Amino acid sequence: MLRSQLANGRPATRQQQRLQPFSRASCRTLHRVTSPLIASPRPPSSSAPELPRHAQLRVKTHAAAGADAGSAPAPTTAGNSTFTQAVFNVVNVMMGVGLLSLPFALKSSGWVGLLVLWVMGIATNYTAKVLCECAEAVTARNPGGGAVSYEDIAEAAFGPIGRVIISAIIYVELFGTCALLFILEGDNMFKLFGSTGLASSPAMYMLVAALVMIPTVWLPDLKSLSFLGAAGVTATCTVSAAVAYTFLSGSYVPGAPTDLAIWSTLPLVLGICTFCYSGHGVFPAIQKSMKNPKEFPQVLNVAYLVVAALCTLMGAAGYHMYGTGALDLITFNLSGITAVACAVVILVNPPAKFALTMEPVAAALQGAVPGARKGLMRVATRTALAIAILCAARSLPFLAHVMALVGSFMTISVSVTFPPLCHQ
């Protein structure tokens, strides 16, 4: 009609002038984008099988995304962490107390514990990626809803009761892990300095450690925490290198008794091995902090390979050297200048991990307290939470037993059991 009017010399209206730049090719392109939404239904063909319901939902989601692409700008992510920084954060969350207790775990299980270690590593790596797929599915249902947390995934799968259950498990697990960091710091400082005028017991040294660890929770974002993550990973690698040097140089008494398998106490090693790979409650926050969250599965592959290799080295070397005499932390078995050097670098590990591990609990508490998301209220809320963790740590019993309890019940629930259930 527009062409005939122009050919007859009649002036085109303003609406027709706006339509004029569209060519036939542009119209065909627009038709291909919008046709999944506006095409009239066709009778089902007997030769083509009907798609499953979940596949139909996925096709509709992609079609809607394609139709909206031309009318709305793509959402931008708030993250600013690089691939390397995300790897440091993931490795820093997983490595630490569990790594140092692996010789004690093998003392309780025998050499079969190394097999358990790798099986749990493969299982938790898979469930971490499954958790990422669940997050993408929840985002596809609500594209403008912002970042997806573990609790959002649980609610999408099981309703409000799912959010309550997984939130309780995650927060108690992370709370207990932060308490273990205080215990590790206090025990390590007591071994290094002994009874002094400043502190006369590990519980007193926890108060000294709190003066360094609590200010780290005031840092603004996970990008700032990644530098602490680099320090924590460096400290753990240094201890691993010291254990390897002790093993290769023969600076130990050979012939320590070991066992192939001890089935009666195998559940203890299961909890500690799972604890080495714990961090699923923090993974959504780390993925959110990335510039390109699509790279997070590759981040997990790199981080898990590093952690599994170091855990195998630490567990095998420590158990071979000390056997049934392995203590709850491998650094307590070392002697001489090596023990002093390890104790010094281990002092860096709990302060490096504390703020990152506490982040999901602190964020949830800030959401429940009015005005606690920024300013002095943010600092006060996080400080109060850290003090509560310190009080709990001063009343907890033996380090390895608490860690095994946390790993066996809470960590396995969060890292192994719940992600596949949500995925189903």
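Using N, Cα and C of the backbone, Cβ positions are placed for all residues, glycine too.
Copied from TrEMBL, the annotated features are:
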REGION    1-24  region 'Disordered'
DOMAIN    80-423  domain 'Amino acid transporter transmembrane'
TRANSMEM  86-105  transmembrane segment
TRANSMEM  111-132  transmembrane segment
TRANSMEM  164-183  transmembrane segment
TRANSMEM  203-220  transmembrane segment
TRANSMEM  227-248  transmembrane segment
TRANSMEM  260-278  transmembrane segment
TRANSMEM  299-317  transmembrane segment
TRANSMEM  329-348  transmembrane segment
TRANSMEM  379-396  transmembrane segment
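Residues of the same chain lying 6 or more positions beyond the ends of the transmembrane segment (299-317) and with a Cβ under 8 Å from any Cβ of it are 83, 86-87, 90-91, 94-95, 98-100, 102-103, 105-106, 113-114, 117-118, 121, 124-125, 128-129, 132, 236-237, 239-240, 243-244, 246-247, 273, 276-277, 283, 286, 290, 330.
The stretch with the most CB contacts under 8 Å to the transmembrane segment (164-183), chosen from 111-132, 203-220, 329-348, 379-396, is 379-396.
When Cβ distances are compared across the two stretches, the transmembrane segment (203-220) makes contact with the transmembrane segment (379-396), since 3 or more pairs at least 6 residues apart fall below 8 angstroms. For the transmembrane segment (329-348), same-chain residues at least 6 beyond its ends with a Cβ under 8 Å from one of its own Cβ atoms are 100-104, 184-185, 187-189, 191-192, 231-232, 234-235, 238-239, 242-243, 245-246, 251, 314, 318, 321-322, 399. Residues 93-95, 97-99, 101-102, 104-106, 108-113, 116-117, 120-121, 124-125, 173, 177, 304, 307, 311, 400, 403-409, 411-412, 414-416 of the same chain sit 6 or more residues outside the transmembrane segment (260-278) yet have a Cβ under 8 Å from a Cβ within it.
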